[in-house]
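Q: The structure's right below; bear with me while I get my questions together.
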2 protein chains.
Amino acid sequence: MIEYRNLRVALLGAGSVGAQVASLLLEHGPELATRAGAGLELVGIAVRDLDAPRTADLPRELFTTDAESLILGADIVIELMGGIEPARTLILQALGSGADVITGNKALLATHGPELFEMAEQVGAQLYYEAAVAGAIPIIRPLRDSLAGDRIKRILGIVNGTTNFILDRMDTAGESLEQALATATDLGYAEKSDPSADIEGFDAAQKTAILASLAFHTTVPLDLVYREGITGVTLAEVEAAKRAGYVVKLLAICERLTDADGVEGVSARVYPALVPRSHPLAAVHGAKNAVFIEAEAAGDLMFYGAGAGGVETASAVLGDLVSAARRHVIGGPGVAESTHANLPILPISHVTTRYQITLSVTDEPGVLASVATLFSEHGVSVEAVTQSVSSSEEGAHPTATLVIGTHEASEAALAATVAALGESAVVSHVTSVLRVEGS
Amino acid sequence: MIEYRNLRVALLGAGSVGAQVASLLLEHGPELATRAGAGLELVGIAVRDLDAPRTADLPRELFTTDAESLILGADIVIELMGGIEPARTLILQALGSGADVITGNKALLATHGPELFEMAEQVGAQLYYEAAVAGAIPIIRPLRDSLAGDRIKRILGIVNGTTNFILDRMDTAGESLEQALATATDLGYAEKSDPSADIEGFDAAQKTAILASLAFHTTVPLDLVYREGITGVTLAEVEAAKRAGYVVKLLAICERLTDADGVEGVSARVYPALVPRSHPLAAVHGAKNAVFIEAEAAGDLMFYGAGAGGVETASAVLGDLVSAARRHVIGGPGVAESTHANLPILPISHVTTRYQITLSVTDEPGVLASVATLFSEHGVSVEAVTQSVSSSEEGAHPTATLVIGTHEASEAALAATVAALGESAVVSHVTSVLRVEGS
């Protein structure tokens, strides 16, 4: 029996996620009310264009273009417009009026998160954002609550479905990057007009900033997240990785580390990396997402599921809505931001990892020795070298391909090594430099 | 800055999990206090035997044999003794005195859960139990909060590490059940004195009851969970499964279903089943656990990690401890039990699934036709038949092996079919009947 008054829910945005949220809220209202302890009344949906086509059939009278008036009377505001403005201003207004806010806006959280959380704290309102990272996968609550008694060492995440789809096509169907991108665009995974948010790693970087902030209780600004996209990944690299027992994945990495000077800090970075085939992340195919967490006590955990999609992401939004409603009814804590640790954010040069470097070299005696010397001069220890079949063009010097796997080395030492390799007389060119993660 | 008074934490039990909880709590006290918003003071550890060896070095003055006195002065009681009594009485006393309780006691929750939750609700205290299912893996909060706005259709869980280890050894190392059990015992995964809680599926059934109750907002009594262990699984079955593209896993299955009479209900069951190699659960090796959730909106999700182990499970307990402490500081909802749906629990005979049946038959014309007729007479539709190499002993009738895969059929129809096969003149014997799940 529900004795609490109805809660007024305002929705901003009716795109693929917003339309599904509205549709599910209208369809499952009574069931959600039972779980929340209060009726949930959708009082309106703010959109830019009243006549735009929608993916769900929604009552026309709910739509309005006047977002500001809509949020004024709301207990809970769901922001699913995306982008920085007017989303930022509307969320600040909503929080300012005492409403709890639910958002899936990763770009906004990654750039203006602290401002929004500060406003929420000042007025005692709550800001929920389960949908902002990894779509339907519950990751915010597990990090914030379930692992609150543990210390997170590292997170390796596949948090962008489009790039995972592309890399998976390259790996399983032998498509080139361009072909795989075209397939992704045809299937609606990639934006036709501008796929750069995905393939350049901007989307993954935003999610990395949010995850790292949460995992390490530290504000991680987006511009301190190191970022490389997948545009430089070649089919030859993917195929060579396959032969060597690896798969190439675009990883969002959040790591607690102590650098050479003994400074404890946080590294947040996004780049394509070699992942051993035996690692659970290697089995994440298609547009699926997964977040792999290494914690001091809990050990290795993985959360897997749909990282995007209207109805899938709507599930995360509605979970937040029920939590927000319960808090209205019973009171108590929501998803507060916690930045008490405030660790320094370390630049990529402080990171150490393993590398796999592919070189095209002159095939003559002494080359391996001189390449090996060059690595050791820069303090990079070689773990394994594979020399593959020589090829030579008519009249040219014969060449060979060297694949060099290193032990853990710093980014700084590696960058110096690669620069020196580029200038070496015996090296024709540096074909590929990839980091190895998850091993 | 922490302004709240210290919270008094009493620990009952100092086995492998309890000792790690105490050790981590003492070691990370200040960090946990910052996250919880209050100091967490371990006021005592109740044990049966003060001189028993412990897996962690803990201050001797904390130990007591007087559990009742210890809980009287506690704000939060952590019960990690296991077993029904005295755990049940002590938890009821703790809740009765207004303390919040954290437990990892699956046997107790599966048998006396409603009594404990009712007491908690009466006095406004909370009962947390993240550690009771799948050890370190956050599963209770995701089910209760993150998916609160969704409808769960089905859960397929690998929730017993010992049996997963055994089945994995059979699959990957070709060991017999007995050999694999011996390996598991040597490595400390299986109880030497009595492995039946694991291999007969009792442990998995307890976790199934807890998961099903939570997922479907319905009290699921342990004795209504259908249970088969792995003792009947042969190496021949595991190898045949491998050839057919399957792996045998002991699954905890919680399913919302509508039976032939249109009755909506819940099925909770545990049995070894064939899982397609392409299913994410097939990649769960060794003693790891994983819970695969199929939700209406969110789609497929999987939670993966360590299902047991002292320090791993301690992570889940400490996560609950921080939640409980936050609730003391800020107030608000904890992990309340919700049984508002109260769906009927359907017996195994109402379940439909696919089957793979292996028969030894007389190798003569017309056998396949008579077997096929027998299936169709019982309303079980055959999807595929494979007849493998005949073998015959000197002087005996030649025999062949038939592997029959069915479409979805009810347990009742299948049981009738298998009974009829057993009586058929052309069937020498029914070698194996396995259900197929996750496809």
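The backbone N, Cα and C atoms fix where each Cβ goes, and this holds for glycine too.
TrEMBL entries are annotated by machine, without manual review.
Look at TrEMBL and you will find B:LYS207 tagged as active site, proton donor. Annotated NADP(+) binding site per TrEMBL: B:LEU12, B:GLY13, B:ALA14, B:GLY15, B:SER16, B:VAL17, B:GLY18, B:ALA19, in sequence order. Marked as NADPH binding site by TrEMBL: B:LYS106. According to TrEMBL, the L-homoserine binding site annotation covers B:GLU191. What TrEMBL records for B:356-438 is domain 'ACT'.
Let's see these features in context: how buried, what's close, how far.
A: In sequence order, B:LYS106, B:ALA110, B:ALA132, B:VAL133, B:ALA134, B:GLY157, B:VAL159, B:ASN160, B:ALA252 are the residues of the chain that are 6 or more apart from B:LYS207 (active site, proton donor) and have a CB within less than 8 Å of its CB.
Here B:ALA19 (NADP(+) binding site) comes close to B:ARG54, B:THR55, B:ALA56, B:LEU58, B:GLY310: these same-chain residues lie at least six apart in sequence, with C-beta atoms under 8 angstroms from its C-beta.
Counting every protein chain shown, 24 other Cβ atoms lie within 10 Å of the Cβ of B:LYS106 (NADPH binding site).
B:GLU191 (L-homoserine binding site) is surrounded by 14 other CB atoms, counting those within 10 A of its CB over all protein chains shown.
The average per-residue pLDDT of the prediction over the domain 'ACT' (B:356-438) is 87, rounded to a whole number.
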Q: Count the other Cβ atoms sitting within 10 Å of the Cβ of B:VAL17 (NADP(+) binding site), across every protein chain shown.
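A: A count of 26.
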Q: Note the Cβ centroid of B:LEU12, B:GLY13, B:ALA14, B:GLY15, B:SER16, B:VAL17, B:GLY18, B:ALA19, the recorded NADP(+) site, then list each other residue of that chain whose Cβ lies within 8 Å of it, in sequence.
A: B:LEU11, B:GLN20, B:VAL21, B:ALA22, B:LEU80, B:MET81, B:GLY310
Q: Where does B:GLU191 (L-homoserine binding site) sit in the DSSP three-state scheme?
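A: Going by the DSSP assignment, B:GLU191 (L-homoserine binding site) belongs to neither helix nor strand, so it counts as coil.
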Q: Reduced to three states, what secondary structure does DSSP give B:LEU12 (NADP(+) binding site)?
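A: Assignment for B:LEU12 (NADP(+) binding site) reads strand.
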Q: So, by DSSP, how many helix, strand and coil residues make up the domain 'ACT' (B:356-438)?
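A: So the domain 'ACT' (B:356-438) is made up of 24 helix, 37 strand, 22 coil.
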Q: If you count other CB atoms within 10 A of each CB, which of B:GLY13, B:GLY15, B:GLY18 wins among these binding-site residues?
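A: Highest number of other Cβ atoms within 10 Å: B:GLY18.
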Q: Within the chain of B:SER16 (NADP(+) binding site), which residues six or more apart in sequence place their C-beta under 8 angstroms from its C-beta?
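A: Those within reach of B:SER16 (NADP(+) binding site), by Cβ under 8 Å and sequence separation of 6 or more, are B:THR55, B:GLY309, B:GLY310.
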